[in-house]
Amino acid sequence: LITGQQIQGDKIVIFYERKFGLCPYYNNSDPNQPINGGLPQNQTLEQHLAVAAEQIRREIPDEDFDGIAVIDVEEFRPLYSMNWGEKEVYKRQSRLLIKSQYPCLAPRDVEHWAEIQYNMAAKRFFVETIKLARSLRPKAKWGYYDYPFCNYRLQNPEGDYECSTTARSFNDQMSFIWNATTALYPSIYLNGERSPTQNFRFVQALLQETKRVASEQNRRVNIYAYSKFEYDPYKSFTSFYCKEDLCNTIKQAADLGTNGVVLWSTSKKLKQRCSLIREFMTEYLGPYIRNTVDQFNLCRRKKCSGRGNCVLKKPMKQCLPTMNPDLYALYGCHCDKGFEGKDCTRQSTGVSVETNRMLPCIC
């Protein structure tokens, strides 16, 4: 829990790109407003890393910090082909850069080399930044906000519980990120424009894709889902999640075996919103989280001998509103490091995956 409207705490630390290191971007997606070179290929990476190192040491003074550490880079994406919409500026400026370097290239070749040059620089930025962070605070759970990626139109087709083939392909191409991070922070934000049923499908698809990405690593990778509790506080101060969407996000994240949930909200007009948030936290959200944690910890003790977490054997078609002992048959045990078996009672001699107790983090 972070207090005092700070973005750094003793359990969780967030670095936002505009105030972290010398992250390159175009202000307001305007090609005439490049910051720190605008493009990753225009940036001096060594200078960025030097500034970032100083900030990490200052914001995380404890060298043994083992909490959540998130780097939020949203202005540009790790792959050239993922820069669409307002982010097209990174493609256009990359092409102009190639043209200035090689004015005789044909248009098709310009596109080809612009993509190669951008991808090489972006990869180096994402990888070297996280490698630096891990070297300075090796026990922290380092990762990038909003990754892995999933297509945001998947809520529409009935029965669609998977990210698109294109989205999965992007994630496969971004393996260099997963290889470098120690945690994944997918964003399961809901905006209130879809039904709870559609929201359930979206959250399940993204979390299942995140588990797929994590499963390809030959080591433990923590998963913390980034969620909200307001659909759009910019438009309405009382746009709090309904009970179904609390289940779709918090409960489903636990059902699918994530390590926890990070709850985020804007600080905009917080003085006006504070009493409303306090009431929602006291009357609804707080008790809901407490009840969810208690239910999963009880299942941990009863079904998994206190040595593993209860995880659904198969994804459901709707969120189970509660988790009582009558439903334990739907769950299997994800055993802690050093234990195995269906109830985690047998000590293992081989390599196993350590799990955390279900203790959602709130930001």
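Just so it is clear, glycine is given a Cβ too, placed from its N, Cα and C backbone atoms.
Note: TrEMBL links Cys163 through a disulfide bond to Cys150 (candidates: Cys104, Cys150). Between Cys299 and the candidates Cys304, Cys310, TrEMBL records the disulphide pairing with Cys310.
Across the structure, Glu74 (active site, proton donor) and Cys310 (disulfide bond) are spaced 33 Å apart at their Cα atoms.
Cα-Cα distance from Cys163 (disulfide bond) to Cys310 (disulfide bond): 24 Å (rounded to the nearest whole number). In this structure, the C-alpha atom of Cys299 (disulfide bond) lies 31 angstrom from that of Cys150 (disulfide bond). Under the three-state DSSP scheme, Cys163 (disulfide bond) falls in the coil class. For the pair formed by Cys150 (disulfide bond) and Cys310 (disulfide bond), distance between Cα atoms is given as 25 Å, rounded to the nearest Å.
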